[in-house]
(Lines of atoms letter the chains of each structure in order from A and count residues from 1; the text may use other names and numbers.)
(Lines give C-alpha, C1' and ligand atoms only; values in the text may rest on other atoms or scores of the structure.)
Protein backbone atom coordinates (compact mmCIF):
# COMPACT_ATOMS: atom_id res chain seq x y z
CA UNK A 1 0.00 0.00 0.00
CA UNK A 2 3.04 2.23 0.39
CA UNK A 3 3.99 4.06 -2.78
CA UNK A 4 6.46 2.36 -5.09
CA UNK A 5 9.91 3.65 -4.42
CA UNK A 6 13.34 3.48 -5.94
CA UNK A 7 14.49 3.89 -9.47
CA UNK A 8 13.29 1.19 -11.79
CA UNK A 9 15.61 0.59 -14.70
CA UNK A 10 13.85 0.50 -18.05
CA UNK A 11 14.68 -3.20 -18.26
CA UNK A 12 13.00 -3.95 -14.90
CA UNK A 13 9.93 -1.88 -15.70
CA UNK A 14 9.66 -3.39 -19.17
CA UNK A 15 10.02 -6.98 -17.89
CA UNK A 16 6.97 -6.53 -15.64
CA UNK A 17 5.09 -4.74 -18.44
CA UNK A 18 5.65 -7.69 -20.78
CA UNK A 19 4.87 -10.31 -18.14
CA UNK A 20 1.52 -8.62 -17.51
CA UNK A 21 0.72 -8.43 -21.22
CA UNK A 22 1.67 -12.12 -21.47
CA UNK A 23 -0.87 -12.71 -18.68
CA UNK A 24 -3.63 -11.00 -20.68
CA UNK A 25 -2.82 -12.99 -23.85
CA UNK A 26 -2.50 -16.35 -22.07
CA UNK A 27 -5.62 -15.99 -19.92
CA UNK A 28 -7.73 -14.53 -22.72
CA UNK A 29 -6.83 -17.20 -25.25
CA UNK A 30 -7.31 -19.99 -22.71
CA UNK A 31 -10.81 -18.64 -22.01
CA UNK A 32 -11.79 -18.77 -25.67
CA UNK A 33 -10.40 -22.29 -26.00
CA UNK A 34 -12.38 -23.64 -23.03
CA UNK A 35 -15.67 -22.09 -24.09
CA UNK A 36 -15.34 -23.08 -27.76
CA UNK A 37 -14.78 -26.68 -26.59
CA UNK A 38 -18.06 -26.77 -24.64
CA UNK A 39 -19.93 -28.49 -27.48
CA UNK A 40 -17.19 -31.14 -27.79
CA UNK A 41 -17.58 -32.61 -24.31
CA UNK A 42 -20.58 -34.47 -22.95
CA UNK A 43 -23.18 -32.67 -20.86
CA UNK A 44 -21.68 -34.12 -17.66
CA UNK A 45 -18.52 -32.01 -18.02
CA UNK A 46 -19.88 -28.77 -19.43
CA UNK A 47 -20.29 -27.10 -16.05
CA UNK A 48 -16.67 -27.92 -15.15
CA UNK A 49 -15.45 -26.55 -18.51
CA UNK A 50 -17.65 -23.45 -18.23
CA UNK A 51 -16.13 -22.68 -14.82
CA UNK A 52 -12.62 -23.37 -16.15
CA UNK A 53 -13.23 -20.62 -18.70
CA UNK A 54 -14.74 -18.30 -16.11
CA UNK A 55 -11.59 -18.58 -13.98
CA UNK A 56 -9.35 -17.48 -16.87
CA UNK A 57 -11.93 -14.86 -17.91
CA UNK A 58 -11.88 -13.25 -14.46
CA UNK A 59 -8.07 -13.39 -14.63
CA UNK A 60 -8.11 -11.72 -18.08
CA UNK A 61 -10.12 -8.84 -16.62
CA UNK A 62 -7.71 -8.45 -13.73
CA UNK A 63 -4.57 -8.67 -15.92
CA UNK A 64 -5.96 -5.82 -18.03
CA UNK A 65 -6.50 -3.81 -14.85
CA UNK A 66 -3.05 -4.64 -13.39
CA UNK A 67 -1.36 -3.84 -16.72
CA UNK A 68 -3.11 -0.46 -16.97
CA UNK A 69 -2.34 0.31 -13.33
CA UNK A 70 1.34 -0.54 -13.94
CA UNK A 71 1.50 1.77 -16.96
CA UNK A 72 -0.22 4.65 -15.13
CA UNK A 73 2.05 4.31 -12.10
CA UNK A 74 5.12 5.33 -14.15
CA UNK A 75 6.33 7.90 -16.59
CA UNK A 76 8.77 6.61 -19.17
CA UNK A 77 10.72 9.12 -21.25
CA UNK A 78 13.81 9.29 -23.34
CA UNK A 79 16.59 11.10 -21.60
CA UNK A 80 19.92 11.44 -23.35
CA UNK A 81 19.61 8.44 -25.64
CA UNK A 82 18.16 6.05 -23.03
CA UNK A 83 14.79 5.44 -21.44
CA UNK A 84 14.28 6.82 -17.95
CA UNK A 85 11.56 5.44 -15.70
CA UNK A 86 10.03 7.55 -12.92
CA UNK A 87 7.09 6.83 -10.63
CA UNK A 88 4.22 9.09 -11.67
CA UNK A 89 2.52 9.40 -8.26
CA UNK A 90 -0.53 7.45 -9.42
CA UNK A 91 -0.88 4.34 -7.18
CA UNK A 92 -0.12 0.84 -8.46
CA UNK A 93 -3.05 -1.17 -7.12
CA UNK A 94 -1.79 -4.38 -5.53
CA UNK A 95 -5.24 -5.52 -4.50
CA UNK A 96 -6.40 -6.63 -7.96
CA UNK A 97 -4.49 -9.89 -7.50
CA UNK A 98 -6.19 -10.60 -4.18
CA UNK A 99 -9.67 -9.80 -5.48
CA UNK A 100 -8.90 -12.11 -8.41
CA UNK A 101 -7.74 -14.95 -6.17
CA UNK A 102 -10.71 -14.54 -3.83
CA UNK A 103 -12.99 -15.33 -6.78
CA UNK A 104 -10.89 -17.72 -8.86
CA UNK A 105 -9.13 -19.96 -6.33
CA UNK A 106 -12.36 -21.45 -4.91
CA UNK A 107 -13.68 -21.79 -8.49
CA UNK A 108 -10.66 -23.66 -9.77
CA UNK A 109 -10.87 -26.13 -6.92
CA UNK A 110 -14.55 -26.60 -7.76
CA UNK A 111 -13.76 -27.23 -11.46
CA UNK A 112 -11.34 -29.99 -10.41
CA UNK A 113 -13.94 -31.56 -8.11
CA UNK A 114 -16.67 -31.32 -10.79
CA UNK A 115 -14.61 -32.97 -13.50
CA UNK A 116 -14.03 -35.97 -11.22
CA UNK A 117 -17.80 -36.56 -11.18
CA UNK A 118 -17.99 -37.91 -7.63
CA UNK A 119 -21.36 -38.74 -6.02
CA UNK A 120 -23.45 -35.55 -5.61
CA UNK A 121 -23.17 -35.39 -1.80
CA UNK A 122 -19.39 -35.76 -1.89
CA UNK A 123 -19.09 -33.08 -4.60
CA UNK A 124 -21.08 -30.58 -2.52
CA UNK A 125 -19.18 -31.33 0.70
CA UNK A 126 -15.73 -31.13 -0.92
CA UNK A 127 -16.60 -27.95 -2.87
CA UNK A 128 -17.76 -26.24 0.30
CA UNK A 129 -14.78 -27.29 2.42
CA UNK A 130 -12.06 -26.52 -0.12
CA UNK A 131 -13.86 -23.42 -1.45
CA UNK A 132 -14.19 -21.84 1.98
CA UNK A 133 -10.66 -22.80 3.10
CA UNK A 134 -9.11 -21.30 -0.03
CA UNK A 135 -11.10 -18.05 0.28
CA UNK A 136 -9.96 -17.75 3.93
CA UNK A 137 -6.38 -18.36 2.78
CA UNK A 138 -6.52 -15.46 0.30
CA UNK A 139 -8.21 -13.15 2.80
CA UNK A 140 -5.51 -13.87 5.41
CA UNK A 141 -2.71 -13.18 2.94
CA UNK A 142 -3.80 -9.66 2.02
CA UNK A 143 -3.19 -7.79 5.31
CA UNK A 144 0.44 -8.96 5.17
CA UNK A 145 0.91 -8.14 1.49
CA UNK A 146 0.21 -4.44 2.07
CA UNK A 147 2.58 -4.24 5.05
CA UNK A 148 6.12 -2.94 5.14
CA UNK A 149 6.79 -4.32 8.63
CA UNK A 150 8.54 -7.67 8.12
CA UNK A 151 7.30 -9.25 11.36
CA UNK A 152 3.70 -8.41 10.46
CA UNK A 153 4.20 -9.79 6.97
CA UNK A 154 5.46 -13.09 8.43
CA UNK A 155 2.54 -13.20 10.87
CA UNK A 156 -0.12 -13.05 8.13
CA UNK A 157 1.91 -15.32 5.88
CA UNK A 158 1.96 -17.95 8.64
CA UNK A 159 -1.78 -17.58 9.27
CA UNK A 160 -2.59 -17.95 5.56
CA UNK A 161 -0.38 -21.05 5.41
CA UNK A 162 -2.79 -22.94 7.70
CA UNK A 163 -5.71 -23.12 5.23
CA UNK A 164 -3.11 -23.39 2.42
CA UNK A 165 -1.66 -26.54 3.96
CA UNK A 166 -5.15 -27.92 4.52
CA UNK A 167 -6.14 -27.45 0.85
CA UNK A 168 -2.89 -28.82 -0.58
CA UNK A 169 -3.02 -31.78 1.81
CA UNK A 170 -6.65 -32.49 0.80
CA UNK A 171 -5.70 -32.39 -2.87
CA UNK A 172 -2.73 -34.69 -2.52
CA UNK A 173 -4.11 -37.16 -0.03
CA UNK A 174 -7.88 -36.80 0.18
CA UNK A 175 -8.49 -36.70 -3.55
CA UNK A 176 -5.91 -39.45 -4.05
CA UNK A 177 -8.43 -42.09 -3.04
CA UNK A 178 -11.04 -40.65 -5.41
CA UNK A 179 -8.48 -40.56 -8.22
CA UNK A 180 -7.97 -44.28 -7.91
CA UNK A 181 -11.63 -44.74 -8.86
CA UNK A 182 -11.25 -42.84 -12.16
CA UNK A 183 -10.98 -44.85 -15.40
CA UNK A 184 -7.41 -45.93 -16.16
CA UNK A 185 -6.84 -43.56 -19.10
CA UNK A 186 -8.06 -40.63 -16.97
CA UNK A 187 -6.39 -41.37 -13.65
CA UNK A 188 -3.03 -40.11 -14.92
CA UNK A 189 -4.52 -36.80 -16.06
CA UNK A 190 -6.35 -36.28 -12.78
CA UNK A 191 -3.15 -37.04 -10.92
CA UNK A 192 -1.28 -34.53 -13.09
CA UNK A 193 -3.92 -31.87 -12.33
CA UNK A 194 -3.63 -32.53 -8.60
CA UNK A 195 0.17 -32.28 -8.67
CA UNK A 196 0.14 -29.20 -10.91
CA UNK A 197 -2.15 -27.53 -8.39
CA UNK A 198 0.13 -28.43 -5.52
CA UNK A 199 3.32 -27.33 -7.29
CA UNK A 200 1.98 -24.13 -8.85
CA UNK A 201 0.34 -23.20 -5.54
CA UNK A 202 3.63 -23.68 -3.70
CA UNK A 203 5.05 -20.88 -5.87
CA UNK A 204 2.80 -18.26 -4.23
CA UNK A 205 4.08 -18.44 -0.63
CA UNK A 206 7.65 -18.21 -1.99
CA UNK A 207 6.89 -15.15 -4.10
CA UNK A 208 5.23 -13.62 -1.04
CA UNK A 209 8.43 -14.28 0.95
CA UNK A 210 10.54 -12.17 -1.47
CA UNK A 211 9.52 -9.08 0.47
CA UNK A 212 9.36 -10.84 3.87
CA UNK A 213 13.12 -11.38 3.88
CA UNK A 214 13.78 -7.67 3.56
CA UNK A 215 14.23 -7.46 -0.19
CA UNK A 216 12.63 -4.23 -1.31
CA UNK A 217 12.64 -1.77 -4.13
CA UNK A 218 12.47 -2.28 -7.87
CA UNK A 219 14.14 -5.70 -8.12
CA UNK A 220 11.89 -7.24 -5.45
CA UNK A 221 8.82 -5.74 -7.09
CA UNK A 222 9.93 -7.08 -10.47
CA UNK A 223 10.43 -10.64 -9.20
CA UNK A 224 7.14 -10.48 -7.31
CA UNK A 225 5.09 -9.35 -10.31
CA UNK A 226 6.71 -11.79 -12.74
CA UNK A 227 6.52 -14.62 -10.19
CA UNK A 228 2.81 -14.13 -9.54
CA UNK A 229 2.10 -13.82 -13.27
CA UNK A 230 3.84 -17.08 -14.15
CA UNK A 231 2.23 -18.90 -11.21
CA UNK A 232 -1.21 -17.61 -12.25
CA UNK A 233 -0.81 -18.83 -15.83
CA UNK A 234 0.26 -22.27 -14.55
CA UNK A 235 -2.50 -22.52 -11.92
CA UNK A 236 -5.32 -21.29 -14.18
CA UNK A 237 -4.60 -21.67 -17.90
CA UNK A 238 -2.30 -24.72 -17.93
CA UNK A 239 -4.33 -26.35 -15.14
CA UNK A 240 -7.45 -25.61 -17.19
CA UNK A 241 -6.01 -27.45 -20.19
CA UNK A 242 -5.65 -30.54 -17.96
CA UNK A 243 -9.27 -30.14 -16.82
CA UNK A 244 -10.30 -29.95 -20.49
CA UNK A 245 -8.21 -33.05 -21.33
CA UNK A 246 -9.93 -34.99 -18.52
CA UNK A 247 -13.39 -33.85 -19.65
CA UNK A 248 -12.53 -34.72 -23.23
CA UNK A 249 -11.25 -38.22 -22.43
CA UNK A 250 -14.18 -39.02 -20.15
CA UNK A 251 -16.63 -37.86 -22.82
CA UNK A 252 -14.91 -40.19 -25.32
CA UNK A 253 -15.20 -43.13 -22.90
CA UNK A 254 -18.87 -42.33 -22.31
CA UNK A 255 -19.46 -42.28 -26.08
CA UNK A 256 -17.87 -45.74 -26.37
CA UNK A 257 -20.03 -47.01 -23.51
CA UNK A 258 -16.95 -47.61 -21.35
CA UNK A 259 -18.03 -45.12 -18.70
CA UNK A 260 -21.44 -44.76 -17.08
CA UNK A 261 -23.10 -41.49 -17.98
CA UNK B 1 -26.57 14.51 -3.89
CA UNK B 2 -24.42 16.95 -1.95
CA UNK B 3 -20.77 16.82 -3.00
CA UNK B 4 -18.51 14.36 -1.22
CA UNK B 5 -16.74 16.03 1.65
CA UNK B 6 -13.98 15.24 4.10
CA UNK B 7 -10.58 13.76 3.62
CA UNK B 8 -10.59 10.18 2.50
CA UNK B 9 -7.53 8.24 3.56
CA UNK B 10 -5.92 6.24 0.76
CA UNK B 11 -7.01 3.06 2.58
CA UNK B 12 -10.67 4.14 2.63
CA UNK B 13 -10.64 5.28 -1.00
CA UNK B 14 -8.84 2.12 -2.10
CA UNK B 15 -11.23 -0.18 -0.20
CA UNK B 16 -14.21 1.24 -2.12
CA UNK B 17 -12.22 1.12 -5.39
CA UNK B 18 -11.52 -2.58 -4.90
CA UNK B 19 -15.05 -3.39 -3.75
CA UNK B 20 -16.39 -1.83 -6.96
CA UNK B 21 -13.89 -3.70 -9.15
CA UNK B 22 -14.87 -6.90 -7.29
CA UNK B 23 -18.48 -6.05 -8.23
CA UNK B 24 -17.57 -5.83 -11.93
CA UNK B 25 -15.69 -9.15 -11.88
CA UNK B 26 -18.33 -11.02 -9.85
CA UNK B 27 -21.33 -9.76 -11.83
CA UNK B 28 -19.62 -10.14 -15.20
CA UNK B 29 -18.46 -13.69 -14.60
CA UNK B 30 -21.84 -14.71 -13.14
CA UNK B 31 -23.53 -13.40 -16.32
CA UNK B 32 -21.33 -15.52 -18.58
CA UNK B 33 -21.92 -18.57 -16.40
CA UNK B 34 -25.73 -18.25 -16.55
CA UNK B 35 -25.85 -17.70 -20.29
CA UNK B 36 -23.40 -20.51 -21.11
CA UNK B 37 -25.57 -22.86 -19.06
CA UNK B 38 -28.71 -22.08 -21.13
CA UNK B 39 -28.23 -25.15 -23.33
CA UNK B 40 -27.84 -27.38 -20.26
CA UNK B 41 -31.32 -26.75 -18.80
CA UNK B 42 -34.63 -27.78 -20.32
CA UNK B 43 -36.67 -25.29 -22.33
CA UNK B 44 -38.98 -24.72 -19.33
CA UNK B 45 -36.24 -22.98 -17.36
CA UNK B 46 -34.40 -21.07 -20.08
CA UNK B 47 -36.39 -17.88 -19.62
CA UNK B 48 -35.66 -17.87 -15.87
CA UNK B 49 -31.94 -18.45 -16.55
CA UNK B 50 -31.84 -15.79 -19.29
CA UNK B 51 -33.31 -13.26 -16.87
CA UNK B 52 -30.89 -14.35 -14.14
CA UNK B 53 -28.04 -13.44 -16.51
CA UNK B 54 -29.72 -10.18 -17.53
CA UNK B 55 -29.89 -9.09 -13.89
CA UNK B 56 -26.13 -9.59 -13.40
CA UNK B 57 -25.44 -8.10 -16.85
CA UNK B 58 -27.29 -4.87 -15.96
CA UNK B 59 -25.34 -4.87 -12.70
CA UNK B 60 -22.04 -5.34 -14.57
CA UNK B 61 -22.81 -2.23 -16.63
CA UNK B 62 -23.66 -0.20 -13.55
CA UNK B 63 -20.60 -1.37 -11.60
CA UNK B 64 -18.41 -0.20 -14.49
CA UNK B 65 -20.16 3.18 -14.33
CA UNK B 66 -19.94 3.45 -10.53
CA UNK B 67 -16.25 2.42 -10.61
CA UNK B 68 -15.43 5.06 -13.24
CA UNK B 69 -17.46 7.70 -11.40
CA UNK B 70 -15.59 6.88 -8.18
CA UNK B 71 -12.20 7.19 -9.91
CA UNK B 72 -13.12 10.49 -11.56
CA UNK B 73 -14.45 12.00 -8.33
CA UNK B 74 -10.97 11.93 -6.76
CA UNK B 75 -7.39 12.86 -7.38
CA UNK B 76 -4.83 10.51 -5.88
CA UNK B 77 -1.20 11.59 -5.73
CA UNK B 78 1.95 10.77 -3.91
CA UNK B 79 2.87 13.37 -1.32
CA UNK B 80 5.96 12.82 0.80
CA UNK B 81 6.09 9.04 0.58
CA UNK B 82 2.37 8.39 1.04
CA UNK B 83 -0.73 8.64 -1.12
CA UNK B 84 -2.98 11.66 -0.64
CA UNK B 85 -6.61 11.55 -1.76
CA UNK B 86 -8.53 14.73 -2.64
CA UNK B 87 -12.01 15.18 -4.08
CA UNK B 88 -11.61 16.38 -7.66
CA UNK B 89 -14.87 18.33 -7.91
CA UNK B 90 -16.31 15.89 -10.47
CA UNK B 91 -19.57 14.48 -9.01
CA UNK B 92 -19.80 10.90 -7.75
CA UNK B 93 -23.12 9.71 -9.18
CA UNK B 94 -25.14 7.91 -6.50
CA UNK B 95 -28.13 7.36 -8.77
CA UNK B 96 -26.56 4.49 -10.75
CA UNK B 97 -27.44 2.13 -7.92
CA UNK B 98 -31.09 3.19 -7.89
CA UNK B 99 -31.45 2.96 -11.66
CA UNK B 100 -29.88 -0.51 -11.40
CA UNK B 101 -32.25 -1.63 -8.64
CA UNK B 102 -35.29 -0.23 -10.44
CA UNK B 103 -34.52 -2.61 -13.32
CA UNK B 104 -32.98 -5.60 -11.57
CA UNK B 105 -35.03 -6.01 -8.37
CA UNK B 106 -38.36 -6.72 -10.14
CA UNK B 107 -36.47 -8.98 -12.58
CA UNK B 108 -34.85 -11.06 -9.88
CA UNK B 109 -38.17 -11.63 -8.16
CA UNK B 110 -39.58 -12.70 -11.53
CA UNK B 111 -36.70 -15.15 -12.10
CA UNK B 112 -37.49 -16.78 -8.75
CA UNK B 113 -41.19 -17.04 -9.61
CA UNK B 114 -40.44 -18.42 -13.11
CA UNK B 115 -38.10 -21.14 -11.88
CA UNK B 116 -40.83 -22.42 -9.54
CA UNK B 117 -43.00 -23.14 -12.61
CA UNK B 118 -46.33 -22.41 -10.94
CA UNK B 119 -49.58 -22.49 -12.93
CA UNK B 120 -49.56 -19.70 -15.59
CA UNK B 121 -52.19 -17.53 -13.89
CA UNK B 122 -50.40 -17.62 -10.56
CA UNK B 123 -47.06 -16.80 -12.22
CA UNK B 124 -48.51 -13.69 -13.88
CA UNK B 125 -50.30 -12.48 -10.74
CA UNK B 126 -47.27 -12.96 -8.46
CA UNK B 127 -44.87 -11.38 -10.98
CA UNK B 128 -47.07 -8.31 -11.29
CA UNK B 129 -47.65 -7.87 -7.55
CA UNK B 130 -44.04 -8.44 -6.43
CA UNK B 131 -42.57 -6.67 -9.47
CA UNK B 132 -44.60 -3.51 -8.92
CA UNK B 133 -44.13 -3.50 -5.14
CA UNK B 134 -40.36 -3.81 -5.47
CA UNK B 135 -40.14 -1.03 -8.08
CA UNK B 136 -42.18 1.24 -5.80
CA UNK B 137 -39.82 0.32 -2.94
CA UNK B 138 -36.75 1.43 -4.92
CA UNK B 139 -38.46 4.62 -6.12
CA UNK B 140 -39.42 5.58 -2.55
CA UNK B 141 -35.89 5.00 -1.27
CA UNK B 142 -34.18 7.38 -3.68
CA UNK B 143 -35.54 10.76 -2.45
CA UNK B 144 -34.16 9.94 1.01
CA UNK B 145 -30.81 8.70 -0.25
CA UNK B 146 -29.97 12.10 -1.80
CA UNK B 147 -30.98 14.02 1.35
CA UNK B 148 -28.73 15.39 4.06
CA UNK B 149 -31.63 16.14 6.42
CA UNK B 150 -31.88 13.15 8.76
CA UNK B 151 -35.63 13.49 9.42
CA UNK B 152 -36.36 13.51 5.69
CA UNK B 153 -34.07 10.50 5.21
CA UNK B 154 -36.00 8.56 7.88
CA UNK B 155 -39.33 9.59 6.32
CA UNK B 156 -38.50 8.08 2.90
CA UNK B 157 -36.80 5.10 4.52
CA UNK B 158 -40.01 4.35 6.43
CA UNK B 159 -42.16 4.75 3.30
CA UNK B 160 -39.90 2.42 1.29
CA UNK B 161 -40.07 -0.14 4.11
CA UNK B 162 -43.81 -0.67 3.50
CA UNK B 163 -43.45 -2.33 0.07
CA UNK B 164 -40.18 -3.89 1.32
CA UNK B 165 -42.00 -5.62 4.19
CA UNK B 166 -44.75 -6.72 1.80
CA UNK B 167 -42.27 -8.34 -0.62
CA UNK B 168 -40.19 -10.05 2.07
CA UNK B 169 -43.35 -11.28 3.79
CA UNK B 170 -44.71 -12.64 0.48
CA UNK B 171 -41.43 -14.46 -0.17
CA UNK B 172 -41.21 -16.04 3.25
CA UNK B 173 -44.86 -16.90 3.80
CA UNK B 174 -46.72 -16.71 0.49
CA UNK B 175 -44.15 -18.63 -1.53
CA UNK B 176 -43.70 -21.05 1.37
CA UNK B 177 -46.86 -22.88 0.43
CA UNK B 178 -45.77 -23.10 -3.21
CA UNK B 179 -42.33 -24.37 -2.15
CA UNK B 180 -43.93 -27.31 -0.40
CA UNK B 181 -45.27 -28.44 -3.78
CA UNK B 182 -41.77 -28.59 -5.37
CA UNK B 183 -40.09 -32.00 -5.83
CA UNK B 184 -38.20 -33.12 -2.74
CA UNK B 185 -34.68 -32.63 -4.15
CA UNK B 186 -35.61 -29.09 -5.23
CA UNK B 187 -37.56 -27.84 -2.21
CA UNK B 188 -34.38 -27.27 -0.20
CA UNK B 189 -32.82 -25.16 -2.96
CA UNK B 190 -35.99 -23.06 -3.40
CA UNK B 191 -36.11 -22.55 0.34
CA UNK B 192 -32.46 -21.46 0.33
CA UNK B 193 -33.18 -18.99 -2.49
CA UNK B 194 -36.13 -17.51 -0.57
CA UNK B 195 -34.11 -17.11 2.62
CA UNK B 196 -31.08 -15.72 0.77
CA UNK B 197 -33.37 -13.10 -0.75
CA UNK B 198 -34.81 -12.19 2.63
CA UNK B 199 -31.42 -12.00 4.37
CA UNK B 200 -29.51 -10.21 1.60
CA UNK B 201 -32.40 -7.77 1.18
CA UNK B 202 -32.39 -6.98 4.89
CA UNK B 203 -28.84 -5.68 4.42
CA UNK B 204 -30.05 -2.75 2.30
CA UNK B 205 -32.20 -0.90 4.87
CA UNK B 206 -29.34 -1.21 7.37
CA UNK B 207 -26.78 0.18 4.94
CA UNK B 208 -29.22 3.03 4.20
CA UNK B 209 -29.44 3.73 7.95
CA UNK B 210 -25.65 4.33 8.20
CA UNK B 211 -26.24 7.91 7.08
CA UNK B 212 -29.67 8.24 8.79
CA UNK B 213 -28.09 8.02 12.23
CA UNK B 214 -25.88 11.00 11.55
CA UNK B 215 -22.75 9.18 10.45
CA UNK B 216 -21.23 11.20 7.66
CA UNK B 217 -18.02 11.75 5.84
CA UNK B 218 -15.52 9.33 4.37
CA UNK B 219 -16.01 6.41 6.78
CA UNK B 220 -19.80 6.39 6.35
CA UNK B 221 -19.41 6.60 2.56
CA UNK B 222 -16.91 3.73 2.63
CA UNK B 223 -19.20 1.44 4.64
CA UNK B 224 -22.17 2.41 2.47
CA UNK B 225 -20.41 1.62 -0.81
CA UNK B 226 -18.87 -1.64 0.41
CA UNK B 227 -22.13 -2.68 2.09
CA UNK B 228 -24.21 -2.12 -1.03
CA UNK B 229 -21.62 -3.91 -3.19
CA UNK B 230 -21.52 -7.03 -1.03
CA UNK B 231 -25.34 -7.08 -0.71
CA UNK B 232 -25.68 -6.76 -4.50
CA UNK B 233 -23.31 -9.66 -5.17
CA UNK B 234 -25.25 -11.84 -2.70
CA UNK B 235 -28.70 -10.80 -3.97
CA UNK B 236 -27.87 -11.12 -7.69
CA UNK B 237 -24.88 -13.38 -8.39
CA UNK B 238 -25.05 -15.85 -5.47
CA UNK B 239 -28.86 -15.84 -5.65
CA UNK B 240 -28.56 -16.51 -9.39
CA UNK B 241 -26.39 -19.57 -8.75
CA UNK B 242 -29.24 -20.96 -6.63
CA UNK B 243 -31.73 -20.23 -9.43
CA UNK B 244 -29.40 -22.08 -11.83
CA UNK B 245 -29.09 -25.02 -9.41
CA UNK B 246 -32.90 -25.25 -9.19
CA UNK B 247 -33.29 -25.09 -12.98
CA UNK B 248 -30.54 -27.69 -13.40
CA UNK B 249 -32.04 -30.15 -10.90
CA UNK B 250 -35.57 -29.76 -12.28
CA UNK B 251 -34.28 -30.32 -15.82
CA UNK B 252 -32.58 -33.50 -14.63
CA UNK B 253 -35.80 -34.74 -13.00
CA UNK B 254 -37.75 -33.96 -16.19
CA UNK B 255 -35.18 -35.91 -18.22
CA UNK B 256 -35.66 -38.92 -15.94
CA UNK B 257 -39.44 -38.60 -16.25
CA UNK B 258 -39.76 -37.81 -12.54
CA UNK B 259 -41.22 -34.35 -13.14
CA UNK B 260 -43.99 -33.36 -15.55
CA UNK B 261 -42.70 -31.16 -18.35
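Note: Cβ is positioned from N, Cα and C throughout, glycine not excepted.
These numbers come from a predicted model, not from an experiment.
These features come from TrEMBL:
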- B:15-36: transmembrane segment (TRANSMEM)
- B:48-64: transmembrane segment (TRANSMEM)
- B:98-116: transmembrane segment (TRANSMEM)
- B:123-142: transmembrane segment (TRANSMEM)
- B:154-180: transmembrane segment (TRANSMEM)
- B:192-210: transmembrane segment (TRANSMEM)
- B:226-247: transmembrane segment (TRANSMEM)
Spatial neighbours of the transmembrane segment (B:48-64) far in sequence, C-beta under 8 Å, 6+ residues away: 20, 23-24, 27-28, 30-31, 34-35, 37-38, 41, 96-97, 99-100, 103-104, 107-108, 110-111, 114-115, 229, 232, 236-237, 240, 243-244, 247
Contact ranking winner - B:98-116, B:123-142, B:192-210, B:226-247 against the transmembrane segment (B:15-36), Cβ under 8 Å: B:226-247
Other parts of the chain folded back onto the transmembrane segment (B:192-210), taken as Cβ under 8 Å at six or more residues beyond its ends: 108-109, 112, 141, 144-145, 157, 160-161, 164, 167-168, 171-172, 175-176, 179, 220, 223-224, 227-228, 230-231, 234-235, 238-239, 242-243, 246
Stretch in B:98-116, B:123-142, B:154-180 most in contact with the transmembrane segment (B:226-247), if contact is a CB pair under 8 A: B:98-116
